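Below is one structure, written out as structure tokens, with a few remarks after it.
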Amino acid sequence: MKITTIEKSASALPLTVVFSGVAVSLIFGLSFLFTKNAIEYIDVYTFLSYRFAVALCFVQIIWMIKSKQHKVSTKYYKLIPLAIFQPILYFTFEINGLKLTSSAEAGMLIALIPIMVNLLAYLFLKEHADWLHYLLVLISFVGAVLIIGFEITSQNFLGKILLMGAVLSAGFYNILSRKFSREFSPLQITHFMMLVGFVYFTTFSLIMGRFKIVFHPQVLISALYLGALSSTVAFFLVNYMISKASPIFTSLFSNLTTVVSVIAGVIFRNEKIMPTQILGMILILTSLTFVTIKGTKNPKIKEV
């Protein structure tokens, strides 16, 4: 009988995980610019169909190049729960939640993802860290709130519930990706996610009568960026990170995305930056620095 135990080692996160986390944050941080530009000209669900069509084509090319190392598994059905949480449920909850809440409320609730991941990792993976780690998670959340602004009202309750559904979906995706990383490669997981995303959102858009062919430059450019980079490359890196380190650490990089978004807004949209936002960015970067450089008790799963 196999018993799962936790083996702890005082070592910093691997540099490949750190670089991957930074790359993911840069890609996701810029994605909102492309999304905003695209949905002015096309239905959201149709655009998601475009996005995952590009993603599937892109990951399929990579798959063909790496075909000797990666074979199509007959056990892909095991990944269905993961694909249901991400991309299906996450994007569905997030899109509809954003329609019913303010940007500040949405951003603040989405910033709860690292906290949710830490909670679920403790419950389902039995992975946990010391008190300093959880303090850093809290500091990172406070930093995100300072950047976005504290704005939780009693209105639009349904929107908040939907966004919490997105947070929960992201949390379970991290947990399942960690679990399946022992059986599937990051490329296999990413390939299946993109396939399910394309099939689901295309089918949904067709059934709802929303699917249209749009050749507007903003739509095409956004679909290429979000499909090739935000979906394929970024999710591959996320799956890779989770396969190499516990999600209780890798999830902290999600708040770095908020920092990138603010900087992108200043550079590309001439938005003003407030002193509280600067403080928030400092808190997020500080928490990430401690997690990355300082020796952390990084849990490793060991089966005996």
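A Cβ is built for glycine as well, from the same backbone N, Cα and C atoms used for every other residue.
Here's what TrEMBL has on this protein:
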type	residues	note
DOMAIN	18-148	domain 'EamA'
DOMAIN	159-292	domain 'EamA'
TRANSMEM	12-35	transmembrane segment
TRANSMEM	47-64	transmembrane segment
TRANSMEM	76-93	transmembrane segment
TRANSMEM	105-125	transmembrane segment
TRANSMEM	132-152	transmembrane segment
TRANSMEM	158-176	transmembrane segment
TRANSMEM	188-207	transmembrane segment
TRANSMEM	219-242	transmembrane segment
TRANSMEM	249-268	transmembrane segment
TRANSMEM	274-293	transmembrane segment
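For the transmembrane segment (132-152), the partner stretch with the most Cβ pairs below 8 Å, chosen from 47-64, 76-93, 105-125, 274-293, is 274-293. Residue counts of the domain 'EamA' (18-148) by helix, strand and coil are 107 helix, 0 strand, 24 coil (DSSP-based). If you look at the transmembrane segment (219-242) against the transmembrane segment (47-64), you find at least three C-beta pairs under 8 angstroms, all six or more positions apart, and that counts as contact. Within the model, the domain 'EamA' (159-292) carries an average pLDDT of 92.
Counting Cβ pairs closer than 8 Å and at least 6 residues apart in sequence, the transmembrane segment (47-64) and the transmembrane segment (274-293) reach fewer than three and form no contact. When each of the listed stretches 76-93, 158-176, 188-207, 249-268 is scored by C-beta pairs under 8 angstroms to the transmembrane segment (105-125), 158-176 comes out highest.
The stretch in 76-93, 158-176, 249-268, 274-293 that contributes the largest number of Cβ pairs under 8 Å to the transmembrane segment (188-207) is 76-93.
Note: the domain 'EamA' (159-292) comprises 113 helix, 0 strand, 21 coil (DSSP; helix = H, G, I, strand = E, B).
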